[in-house]
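Swiss-Prot lists 16, 18, 43, 64, 89, 109 with the feature S-adenosyl-L-methionine binding site.
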């Protein structure tokens, strides 16, 4: 039984609504909600994932920016379960406050045009998040999960993997959406690392080092990081200054950012 409703996709909001039952079921299976967990869906859209999750779990919080979807979501959810709707831009939502002491499980088919800002916003609240299951452009998921030496290994890879375990799950073709996007999508799982295992001393400095390193990725680290690192930083961290950012492991960036010179 599918309770999703029809609503026109808004290009300005980057909306592509999932419509294929097979992939909807695969996402719900990947999330595998359990009693007592607090599920939060970002951008429920027409309810393709919302209502199967609600039917399976009984309660769900959703964050929806499009006011035209609020009433249809409310009406369709009424006979199924308890749906709490937060009508707000997701980037303005305080996930820590939403969690209220119980780590939340984030789910969502993220709008292509703001997927990276949403990911970094979620990272800011990692201590309040149990895990995340997101559908994004496959190109973005490839970058998120990439390792050193890959052409798509970059700032997004390092920043996410420093704070989360990142696992690409499966690809979703354009035909599974209405309207179909021009590219493949993919589902990814992110599990925030325990705070004690994230050995980053200064989050801002770490972000600055990673940004500078990949901002000029064809240059050696000596040149790319000239504004944020001195030669002694490389020596203390055991990182070769003639290497390039794409050759460094996540742990290398962490050591480099953590160095404190006397």
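Any Cβ shown, glycine's included, is placed from N, Cα and C.
The binding-site residues under consideration are 64, 89. Their Cβ neighbour counts within 10 Å are lowest for 89.
Mapped onto three states, the DSSP output places residue 109 (S-adenosyl-L-methionine binding site) in strand.
Looking at the residues that bind S-adenosyl-L-methionine per the record, 16, 18, 43, 64, 89, 109, the two CA atoms farthest apart are separated by 20 Å. In the three-state DSSP classification, residue 16 (S-adenosyl-L-methionine binding site) falls within coil. Long-range Cβ neighbours of residue 109 (S-adenosyl-L-methionine binding site) (same chain, at least 6 residues apart, Cβ-Cβ under 8 Å): 16, 17, 18, 43, 45, 48, 49, 134, 135, 185.
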